[in-house]
Amino acid sequence: MSRDSRELIRAGDWKRHCVWDAEGGYHRLETEDVGDVPVRLFLGDALLRECEQDVYRQIVNATRFPGVKCVVITPDVHVGYGVPVGCVILTDRDEGAVAMGPVGFDIGCGMVSARSDAPAEAATPDRQLEFNREVMERVALGAGGKSHRFGELSKRELEEVVRGGAEHYVEAHGARVDRHRAERQRIPVDDGWKIPWGGKGNPERGLAQLGTLGGGNHFIELQRSEQTSTLFVQVHTGSRGFGHGLATNYFEMARAEHPEQRDIDLGFFTPDSAHYREYLNAVAAGGNYAIVNRLVLFEAVAEAFRRVFRKDLELIYEISHNLVQAETHPEFGKVWVHRKGATRAFPGGHPALRGTEWEASGHPVLIPGSNRDWSYILRPKPGAVKSAYSVNHGAGRRLSRGEATRTLDQQKIDEQYRRDGILVNLDGRVPLDEAAPCYKSSDEVVSAVVAAGLAEIEHRLWPVCSLKGTEEGLRSPKARARKAEAKAREKARDQGRRMRGK
């Protein structure tokens, strides 16, 4: 049969062809469109019903890269670019493709989580505001934010970062972080690989962005643990303009190599391509930048936390959810594992954890919810072998950004957050395209992971205050603080005038 992804046989009724595997805890997708590639959807019936129809076309796309051996769909799945966000694609390491869409433009995007022994009740409204302000003094928010700590690196300094990862950062900068708490201290980069400066992507943007948050769904969040009633912190960010620039330049190379591929998000390189090793090196370099970026942010947030709460933050773990890496799987052998909006989940006893502190227990898995919902720290179980040692990376979007800004009421959303005692940024104005209704229930999503035996819950974390990179993040920290405080004073004066007029 034709493998043309534009001609789908089961696009209209694909959910009827999802067969429940009770022992495995997932649905098997069995249609002519996916052929003989195993497709496992770790969604219960309710999540499957809610799943967007257009996800099917992107699942089919995922099965059609050269050398695909398995596709896994995680319960936070939603429509992405080319392939779904919330998917894992395994390709043969000797003959298969390294696919670009399943890595995306934010190479190495991921999470860092930290804990303290500060009691949750210490986060009074005044301290919530003080914490957000102190973090904003140290961390630039927003897509165009510039590094407060490093200014602009030289190209030589950036080369050292993207080749050395956490190892270089700790040794060269005397960082007080335990680099063994990083998922990967350093992803090897070939000596002969050269950063493709300039071009359409302009990875030079990353020179001034090490230690910045970015915009969109990136965040810094103060949380309380349901299990310990103490304060935790989670940070979500990636490789900033450096990773985006690398991805853009290599997507252009893939376009030139495969002019017949009309959808650039489905670009790939096979082992016979001159760009195959180059792209793997670019992913490694972008991944190293993202690792260091998260550790720099952890240090900045820990400093702000100490200033406000007079307590230390202990790094729990740092992990990515947008990457392709070489792994060996008991069922599928030596493979390239592409995780697009999916998190690695190695349980205790996994060979890759040998000699680490996670050898017996498995490493922590960091799962954020929306900023008015539970986030999680999970621990992988042996059953994760069924999902290619992967779980979800979040709750998954329910509303597109455009739909959110068209349909959500700013005043009602802000009031809901105030009622729940959650402070967003300094003025409490919640970015509508990142508000809670934009996302699925994290409890429902994580319950699917637990029910399938992939992982178990260690901590449920409720948001106390959250920082998002809106356009306000493009101004200086002091200017942002002054503007927010001026607006608060003006609002108080208006309320006073209204009260006096009654």
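Positions of Cβ are set from backbone N, Cα and C atoms, glycine also.
Keep in mind that TrEMBL annotations are predicted by a computer and have not been checked by a curator.
Lifted from TrEMBL, the feature list:
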type	residues	note
BINDING	D106, H218	Mn(2+) 1 binding site
BINDING	N217, H218, F219, I220, E221, H321, N322, S375, H393, G394, A395, G396, K468	GMP binding site
BINDING	H236, H321	Mn(2+) 2 binding site
ACT_SITE	H393	active site, GMP-histidine intermediate
REGION	473-502	region 'Disordered'
COMPBIAS	482-502	compositional bias 'Basic and acidic residues'
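Here the features listed in TrEMBL are painted onto the structure.
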{"residue": "N217", "record": "GMP binding site", "Cβ contacts under 8 Å, 6 or more apart": "H236, G394, E434"}
{"residue": "H218", "record": "Mn(2+) 1 binding site", "Cβ contacts under 8 Å, 6 or more apart": "H236, T237, G238, K468, G469"}
{"residue": "F219", "record": "GMP binding site", "Cβ contacts under 8 Å, 6 or more apart": "L213, Q234, V235, H236, P368, N371, E434, S466, L467, K468, G469"}
{"residue": "E221", "record": "GMP binding site", "Cβ contacts under 8 Å, 6 or more apart": "V233, Q234, V235, P368, N371, S375, P463, V464, C465, S466, L467"}
{"residue": "H321", "record": "Mn(2+) 2 binding site", "Cβ contacts under 8 Å, 6 or more apart": "C109, G110, M111, R339, G341, A342, T343, H393"}
{"residue": "N322", "record": "GMP binding site", "Cβ contacts under 8 Å, 6 or more apart": "V103, G104, D106, I107, G108, C109, G110, G238, R339, K340, G341"}
{"residue": "A395", "record": "GMP binding site", "Cβ contacts under 8 Å, 6 or more apart": "D76, P368, G369, S370, D373, Y439, K440, S441, S442, V445"}
Neighbour count (Cβ, 10 Å) for H393 (GMP binding site): 28
Could you check what DSSP calls H236 (Mn(2+) 2 binding site) once collapsed to helix, strand or coil? strand
Neighbour tally for H236 (Mn(2+) 2 binding site), based on other Cβ positions within 10 Å of its Cβ: 25
Reading the DSSP string in three states, the entry for K468 (GMP binding site) is strand
Rounded to a whole number, what is the top Cα to Cα distance in Å among the residues the record ties to GMP, namely N217, H218, F219, I220, E221, H321, N322, S375, H393, G394, A395, G396, K468? 20
Would you identify the secondary structure of N322 (GMP binding site) according to DSSP, in three states? strand
